[in-house]
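Written out below as structure tokens is the structure these notes cover.
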Amino acid sequence: MTAQEESETARQTPEPPAVIRAEHISKRFGAVEALKDVNLHVRRGEILGLIGDNGAGKSTLIKTLTGFHQPDRGRLLFDGTPTVLRSVVHARSLGIDTVFQDLAMINDLPVYLNLFLNRELTHGPLPFLRRSEMRRRAREALDSIGISIPSVDTEVGRLSGGQRQAIAVARSVYADSTRLLLLDEPLAAMGAKEGGQILRLLRRLKERRDIAIILIAHNYAQIVDICDRVNLLQHGEITLDRPTGETSVSELLELVHAEYSVD
Amino acid sequence: MDSRLDARKVAAAVGRGLVRRRELSIFVVCVAAAVYFAITGSGFTTTENYHTIAQYVAPWIIIAAGEVMLLICGQIDLSAGFVFTLAPFLLTSFTGDGLPLLLALVCAVAVSGLVGVVNGLIHTLFNVASFIVTLGMAFFLEGMSLIASNAQPEAAPTGGWVARAFGQAHWAELIWALVIVAAMQILLSTTRFGVNTQAVGSNPVGAAEAGIRINRIKIVNFALCSALAGFGGILDGIRVGSFDPTNGGNETMFLAVASAVIGGTALMGGSGTIIGALLGALLLGIVYDGFNLTGVNANAFDVVLGIAIIAAMLLNVYLGMLRRKADR
């Protein structure tokens with residue numbers, strides 16, 4: 001099915017429209033073709049799981065969907081409109097937000113300033129910070145997820161990996177008008193208890209039905225557990241697109257590892 | 001019983017403050033050094049001597065205010081000392097062209113700032129370490145200063161309110177230094193630009209992913225540092241009454257960086273304060289002046305300076321460990 005046919009069928013079905021749709025995206029870094037011909041979409045209220053081996057192009061794809069990289073070929077449709085994401089700031093202004101693998105946390109800054117990183121509240125047109133207001137809102141945001149942190153004034157560098165991850169997720173979720181949230185390995189640095197909290201948070205977000213989520217994870221059990229659909233990225237191409245109800249952990253494992261089979 | 005409890009509480013609070021606020025520990029050392037020299041040296045506690053100390057420290061403070069911002073965003077400017085040297089000769093070339101003194105001063109500071117823009121552009125566009133870029137720029141500017149001055153001192157402008165306000169008046173240089181410290185500390189700790197500067201130094205990749213324009217932040221800080229160094233050079237020249245191509249240079253720059261480091265600024269970026277650098281400069285000034293008064297060989301100052309820098313770094317590491325423990 002071509003992309004055009006696919007988008008036509010999407011129009012005919014009563015399902016909510018895709019918040020973002022990537023069509024024939026390719027991206028090359030020198031000799032390395034990180035993305036070849038990627039077609040992908042995610043709808044409002046849907047969690048899409050993105051899996052693939054290391055080096056398959058997952059991070060490049062995420063960075064292309066968030067305006068960090070511009071694709072060499074292909075196009076992005078945001079709410080059905082062809083859109084060129086000029087920068088991360090531009091993507092954010094449209095409501096596209098990311099939790100990056102390396103967390104993009106500033107260790108020397110306190111929790112509340114990390115939550116408001118590069119969207120600090122200021123006094124109207126003046127560039128002066130509204131620290132007490134940011135502290136208050138940060139406290140509220142963290143309380144509502146049930147993340148326990150001694151103080152929003154604590155420097156992030158002194159927190160545990162799980163606490164840092166939780167703050168990274170909170171930062172993306174509580175950005176004012178997030179419509180598409182991308183999470184790159186959000187559970188990698190977490191213990192079971194903290195990981196469970198994040199999964200519960202994602203489920204709550206899904207129930208709100210106003211936000212689309214793309215989740216990258218290596219733990220396929222979590223993918224099958226929480227995602228509606230799963231896409232497999234191999235060598236810069238999506239080679240599988242299937243509802244999680246129609247697949248299983250063992251099948252996903254088999255697909256990812258098949259190409260390295262010794263038989 | 002109660003008073004003893006209170007004393008213990010106060011001591012604990014002071015201890016916590018010393019650990020949490022690095023500036024406070026430098027301040028305590030400053031006071032201790034001042035008390036020591038007030039007791040052992042004659043003439044330390046005179047207005048005239050305070051003025052002498054102010055003359056020592058004002059250039060260091062002004063350059064350090066810019067260096068702290070650069071160090072916080074993970075960079076350094078080794079050329080600032082020679083911007084300090086060159087700027088007075090830029091001023092005389094503008095006044096020589098017939099510009100009024102105030103306008104010439106603004107132009108000289110603007111050209112100084114452009115030196116920083118060039119430093120920043122070379123660093124960001126070609127990804128050359130700022131240490132190397134500004135090292136090259138330092139030699140370049142040293143040569144330019146000697147060429148512009150024919151290696152001869154020139155008389156500084158005198159008379160008129162502009163010359164008085166910008167160095168000639170008693171304490172003018174120190175007052176400017178304090179105004180600059182206040183303005184730069186406000187910029188660092190109360191504005192988005194300050195927070196972003198910290199973010200760039202602490203985690204450049206993360207800052208970029210959050211959409212912070214890290215190159216722009218760096219270039220602005222290079223420009224600020226150079227502009228301040230140029231302004232400091234002009235103030236100092238007007239105060240002395242002569243523009244000297246051997247004034248400033250590496251020694252002034254390194255003392256400014258030493259002030260920043262003693263004041264708690266991390267050389268690896270991410271943290272530091274302008275007020276800390278002010279106190280660091282003050283400590284160096286008190287020791288330098290105290291040695292002169294007590295007749296200690298001036299060469300011994302460098303010995304103390306060396307020890308002070310290393311001790312300050314060790315103290316920073318130690319306090320950092322204490323703070324981490326205190327949080328657990």
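Placed from the backbone N, Cα and C atoms, the Cβ positions cover glycine too.
Please treat TrEMBL annotations as automatic predictions, because they have not gone through curation.
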Per TrEMBL, the range holding transmembrane segment, considering B:6-23, B:78-95: B:78-95
Same-chain residue ranges lying at least 6 outside the transmembrane segment (B:24-44) that approach it to Cβ under 8 Å: 17-18, 262-264, 276, 279-280, 282-283, 286-287, 289-290, 293-294, 312, 315, 319
Ranked first among B:129-149, B:169-188, B:219-240, B:252-269 for CB pairs under 8 angstroms with the transmembrane segment (B:56-73): B:252-269
Which of B:78-95, B:169-188, B:219-240, B:303-322 contacts the transmembrane segment (B:252-269) most, counting Cβ pairs under 8 Å: B:303-322
Intrachain residues whose Cβ lies under 8 Å of the transmembrane segment (B:78-95), provided they are six or more past its termini: 59, 63, 66-67, 101, 103-105, 107-109, 111-112, 115-116, 119, 131, 134-135, 137-138, 140-142, 144-145, 148-149, 154, 156-157, 225-226, 228-234, 236-238, 243, 245-254, 256
